[in-house]
Each structure stands twice: as structure tokens, then as C-alpha cells.
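According to Swiss-Prot:
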type	residues	note
BINDING	G79, T82	Na(+) binding site
TRANSMEM	4-24	transmembrane segment
TRANSMEM	39-59	transmembrane segment
TRANSMEM	65-85	transmembrane segment
TRANSMEM	100-120	transmembrane segment
Amino acid sequence: MTPLDVMWVGLGGGVGSLGRWWIGRIVGEYHHGAFPLGTFLINISGAFVIGYLSVLFGVDWHDRYGTMLNAGVLTGILGGYTTFSSMQLDAVKLSHKGQGGLAVFYLVASVLSGLFAAWLDAMLAHLQG
């Protein structure tokens, strides 16, 4: 790891975090239900994009942090954009509000939808490539 790698991850993380904040606010202005739609859409769209880009960049999962593109885009931007911790917090908040069933649904739907989105876009990238 070089200082330049650290810079790319940090800059990308800042960009991704700002994107997450901005999209979360926009979704929150229109969606007022109990389901944490903003975090859900952010994580699924991030999984979709990372599936495609990992194929496009030819990511070797044994050394996925090795290039500037991987460090800046995959780890930085998409790592800052998606949020596992917010997903967990949303589920805890739902549980504390007596909506345990919705919390479980949210977690399962998030994981399965994210896996499907990443797989689908990786397959699309392979078809194009």
C-alpha cells in the first residue's frame, strides 16, 4: 500500500459517502414509511454497480486492492456509498419499534437483493465483454 493508494481510497470514500447522504435525503423526502427504503436502494444499487465494475476492471479477488481504480472506485467510492452498518442500525430501530418482522424481512431482502444485483450485473458485464 502506498500513500497514493490511501489518498485514492480516502477521496473515493468521501465522494461515495456524499452520494449516499444525498440520495438518502432525496429518498427520505418522498418516502415516509417504516421500511428504510433509502438505505435499501443505496446498498442494492451499489451491489449492482460493483458487480459490473469488478468484471470490467478484471478484479482478482486475491488482490482486489492493488490498483488505483480498485482502490479509488471499488473500495473508496462504492465502499463509502454502500453501508452495512446503517442497514444493521435500521433493523435495530425497526425491532425497537415493535416491527421485528419487518426488520428481519429488511435484512433478508437486503442481502438477497444485493447478491442478486451483483450477480446480475456481473453476468451482464460478461455478456458485453
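The backbone N, Cα and C atoms fix where each Cβ goes, and this holds for glycine too.
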Practice task
Give the helix, strand or coil assignment DSSP yields for T82 (Na(+) binding site).
Solution key: coil
Exercise for the section: Count, for each of 4-24, 39-59, 65-85, the Cβ pairs lying under 8 Å from the transmembrane segment (100-120), and report the range with the highest count. Expected result: 39-59
Exercise for the section: Please indicate, using numbers and ranges, the residues of the same chain that are 6 or more beyond the transmembrane segment (4-24) and have a C-beta under 8 Å from a C-beta there. Expected result: 38-39, 41-42, 65, 68, 71-73, 75-83
